[in-house]
Amino acid sequence: MLERMQEALQRLRKERPVILNTTNYVSMDFLANCFLAIGASPIMSVSDLELEELIELSSAVYINIGTLDHLFIQRAYRTVDLAVRQNKPVIFDPVAAGATKIRTEVSHHLLAHATIVRGNASEILSFGDVTMKTRGVDSTHSTQDAKDVATALAKECLCGCAIAVSGAIDFITDGQRHTTVELGDPFMSYVVGMGCSLTGVFAAFRSVIDDSFEATKLGIEYFTLCGMLARERCEGPGLFKAYLLDELYASDFSRMRQYYDR
């Protein structure tokens, strides 16, 4: 699978696909840098006036509801409608779904047309139980708790989507295929925007791989392997963030193999 990952990255860096981001303001800078490091070309637009034209230019669309307000909701809804009309993959991160009524409602609306969805266990569980409350962006459940809901959601999605449940162990399903990924490092939970950027990596991989399940699996593995390599070089989360960008850019598969093959 490392060879397939390497092929996807080569395509990314050759084609430099444009990824349109309707995303939160907290992690926008780090997210854009992650895109650049792996070879994608991010557009971080906040204007409705250029939305349709930018979607035409884009190979994939990424929506992240981290900083939610009424203007963002309108733009996110219009983004997904235009993307579906133009047959562009929609990658969705339902940040803090289940924490508030509005986040849960917006997430349900966007989920229906998503190509890939990534959330923590509590966020994914909120799609199966509208009465369940989460604790903001932090998960109060394990990946194992969300497997059945994730599988059911993937089967129900209109676009045949892949669902990724992030945690100490990641779970990926498209309703038919299932896999787990046990990679990464605890430092990843100490950097704001790490999950947002992981979902962005899915968007980049999906722009060059038509199979959403495979794109999601490769994206998780690449991002978490780079996290493990970054951890070798630092003792705290501040430098970890910088070294992660370096590793995303370097693509040192010889060093990755020690973790991938163990």
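Cβ atoms are placed via backbone N, Cα and C, with glycine included.
Swiss-Prot lists Met44, Gly193 with the feature substrate binding site. DSSP assigns Gly193 (substrate binding site) to coil, not to a helix or a strand. Remark: Gly193 (substrate binding site) has Val26, Ser27, Phe30, Leu31 as non-local neighbours, by Cβ distance under 8 Å and separation of at least 6 in sequence.
Annotation comment: Swiss-Prot describes Arg118, Ser166 as ATP binding site, evidence class sequence analysis. Mapped onto three states, the DSSP output places Arg118 (ATP binding site) in strand.
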Inset, instruction - Just jot down the residues in the same chain as Ser166 (ATP binding site), at least 6 apart in sequence, with C-beta under 8 A of its C-beta; none if empty. - result: Arg118, Gly119, Asn120, Ala121, Thr143, Gly195, Leu198, Ile220
Legend entry - Nonlocal neighbours by CB distance (under 8 Å) for Met44 (substrate binding site), same chain, sequence gap 6 or more: Asn21, Thr23, Met28, Leu31, Ala32
Inset, instruction - Determine the Cβ neighbour count for Arg118 (ATP binding site): the number of other Cβ atoms within 10 Å of its Cβ. - result: 29
